[in-house]
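The structure appears below as structure tokens.
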Amino acid sequence: MSRKADIENKERQLNQSAMAQLFHAASADSEALLTEYQNSESGFDDARVLAMRQKYGENRLTHQRKVPTIVQFLLAFTDPFTIVLFVLAIISFVSNVLLAPAGQQDPSTVIIILVLIFISGTLRFVQQYRSKKSADSLNEMVKTKIDVMRNGKVTEVPITEIVVGDLVVLSAGDMIPADVRLISVKDLFVSQAPLTGESTPVEKYAATDSNKNDDVLDLSNVAFMGSNVISGSATSLVVNIGDTTMFGAVAQDIAEKPPLTSFDKGINSVSWLLIRLMLVMVPIVFVLNGIHSNDWLNAFLFALSVAVGLTPAMLPTIVTTNLAKGAVMLSKKKVIVKNIDAIQNFGGMDVLCTDKTGTITQDKVVLMHAYDVNGDESDRVLEYGYLNSNFQTGLKNLMDVAIIDYAQEQDKVEQYKEFVKVDEIPFDFTRRRMSVVVKDSQQRILITKGAIEEMLSVCTLVESEGKTVNLTDELRQQILAQVVKYNADGLRVLGLAYKNEPALEDTFSVQDESEMVLLGYLSFLDPPKDSAKTAIASLKQYGVQVKILTGDNDGVTKTVCHEVGLNVDRILLGSDIARMSKEELDKATETVDVFAKLSPTQKVEVVESLRRNKHVVGFMGDGINDAAAIKQADVGISVDTAVDIAKEAAPIILLEKNLMVLKDGVIEGRKTYGNIIKYIKMTLSSNFGNIFSIVIASIFLPFLPMLPIQILVLNLIYDISCTAIPWDNVDVEFLVKPRDWNAKSIKSYMVWLGPTSSIFDITTFIMLFFVLCPLFVGGSYSSINSEQQLLFAAFFHTGWFVESLWTQTLVIHMIRTPKIPFIQSRASLPMFVFTTLGILIGTVLPYTEIGAILKMEPLPAIYYALLVGTILLYIVLVTVVKKLYVKKYKELL
Ligand SMILES: Nc1ncnc2c1ncn2[C@@H]1O[C@H](COP(=O)(O)OP(=O)(O)OP(=O)(O)O)[C@@H](O)[C@H]1O
Ligand SMILES: [Mg+2]
């Protein structure tokens, strides 16, 4: 059996035993299962956790594990540039060493080429390795955590630390951390989309399921890694972790290749443009040089080197380095970028949608009043509110925390009667309310709290001054008017209602929330952050418009949004959106800044509408109700404290939910983008120019315009200079506007600036061929003997090599800014050092031993007169072209 088949077979067996384990757990009684895993209701102790981890390992998937460093190193040498160098090395070894007559073997060229291979490969490896490393360490900073029962109490641990047999507590918004058998559930709805592709949530139960014919994924009491809890809560026992989970099996099949972003597509399209151009030009270069020089082998090697030297081979690496560097800079501003490709959209974002709580309001919500319907403080309202918040397990919410805190601070909790929980009906964003059922020795009570409109719709009675009266339309209007008043003062209001002796069953459902008695209001202070107003204003200055998308009601939203300087003249409600056509919505989203009472899907609709209007849309949120919109936005943003599914969906995580941080992040994102686009534009345009120069030279010259190895060295020096680009400065003017990827501008840039540099290549050719080389050698090319012709060509090659290096490197300084380089806008120190070093090395090279091996000739002083003249004229012309370009296209980069 082949090794591969062997491994596959082992994997299958592994999966089969994992699957058998799931069927077994599903059909077993939960008590028996606990005993089997030597666990109890109080969970594992530390020793047991350690033992289980030693036995089954960490809860990680293999594909998330590291590729060995040595493999990464070797992979860095598998690019076209290196391969062509290898070909050259072999040819040179054969001709200079193997076939050379005894005593005349000269391995120096081979050695130089091997050094080049080593430098370029190592460079690529170091950059990729560092990028990956920083990306990984950033990801470590935003670990997904889960509640688990251990040592008799619920503790939160990173998902990777879950062990087989652990008792995991699940609630709405959680990612399911492993394949688990549900032990007890409460209205648990789970989305299994990542596994089954089916997006409608399925309900899961705790009862034994012994249907062995089912597909595992259909087991009703098993929940799988990769799926998430939409609503409800559960306790569950971990059966399989890591690779042995069903998700682990699927993840091995589908190699993780995220869809291409517009950025990737843009880069690809430009690279292809250049490659197509080369496919046409390079054969022409080959044939022309073959005919002229009659040395077809060298003509072929030359054409090959031109092709490879001009392929933007380092482009992916330099782009990645830029992004990784950007991600590290952003992390210093407390912005973690999980997926570095998101940076480019971040810089392009021009509309930021965000929820309200904790973003423009403070992170802490405070309970101000517990009023009865007449507006008097009521202990009973507080007590019922407390019971509801304290016993509910479905949602971790600031308002519940506020109620519990308040009751505790007032020392009320002691006085409350001894109630125990019977059941709960968890919160969801369409009902916008939640219930618990409690009982003492005498009675059972259903207590519900939620948005006032939703509460009124399930109440038929009102308790007022100890009496229960019918909820008339008049009363209803009065109550709503009361709430509007509270809202106008910036208070959030929840309605509270109860029902005595609800149905006699032990489990309750949404149907039981009917014919209730409205008891009063809980009002909360949720004031705007001090920084919100300035942050919104400065985001606006940087071209990012802020829009609020909240599920909360329009009353408070209006008050709060007004305070932070948003336009609240028109507020769009969820109910308005439901009535609108797509066109009407697209028109409205352009002008409206505040959207209230939105359902989770309506948040998505608003984001989609803005995207249809050609905005680059960011969405920031932290709730279950935000996850879908986060996914749909161009830039999904969440916070470290958000629910798992929001955190999973967002490529950008803020360590602090703060708009100021976000502004800093946006600027940093634009800087990164600026440096990337700068590199792309200058590399592509100078390559474009070079190919022209080479074709023209090939038409006229009786010898190769440059030796293959020289082209490759030139290219390497340029690439090394460019590695400093991620550390370059970006003009402040560039940062004030959102920057969106624009493939057209790259093409026009190429077409304008490429030929500009060709002009000076051609003048250099003419000067070298007709004036300088004849001067150095003592006659025109046609008049000298073949040995002198070789010298002539060597002078020519060296002269063009040095001129090319100077112009290519100077162009970095010329086009990094629309302003006058060195005077109005200066490159950063690393950029300056790298480019200067590049020029120095290249200029000195002809005078060294290595230069001799590269077949270069030391250039006489008079050459530098030509060089300086050319450079000065070049700078003048590029400045003029830049001005014209900016005039036509409004901006340079
Ligand atoms: N703990 C709770 N108990 C009862 N009802 C709640 C609770 N939390 C929220 N609600 C109701 O659901 C509505 C929507 O919830 P929430 O305000 O969290 O939505 P959101 O879109 O996340 O808003 P935000 O923009 O403020 O984050 C609230 O206005 C409130 O009426
Ligand atoms: Mg929210």
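Placement of Cβ uses the backbone N, Cα and C atoms for every residue, glycine included.
What TrEMBL annotates here:
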DOMAIN    22-97  domain 'Cation-transporting P-type ATPase N-terminal'
TRANSMEM  70-95  transmembrane segment
TRANSMEM  107-126  transmembrane segment
TRANSMEM  273-291  transmembrane segment
TRANSMEM  297-324  transmembrane segment
TRANSMEM  679-701  transmembrane segment
TRANSMEM  749-777  transmembrane segment
TRANSMEM  789-815  transmembrane segment
TRANSMEM  827-847  transmembrane segment
TRANSMEM  862-881  transmembrane segment
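Here the transmembrane segment (679-701) sits against the transmembrane segment (789-815); at least 3 CB pairs are under 8 Å, leaving out pairs fewer than 6 apart in sequence. Across 273-291, 789-815, 827-847, stretch 789-815 shows the highest tally of CB pairs under 8 A with the transmembrane segment (749-777). For the domain 'Cation-transporting P-type ATPase N-terminal' (22-97), the number of residues in each DSSP class (helix H, G, I; strand E, B; coil) is 52 helix, 1 strand, 23 coil. Residues 107, 109-110, 113-114, 116-117, 120-122, 124-125, 128-129, 132, 297, 301, 304-305, 308-309, 311, 313-314, 708-709, 712, 715 of the same chain lie 6 or more positions beyond the ends of the transmembrane segment (70-95) yet place their CB under 8 Å from a CB of it. Residues of the same chain lying 6 or more positions beyond the ends of the transmembrane segment (107-126) and with a Cβ under 8 Å from any Cβ of it are 72-73, 76-77, 79, 81-82, 85-86, 88-89, 92-93, 96-97, 314, 317, 709, 712-713, 716, 719-720, 723, 850, 853-854.
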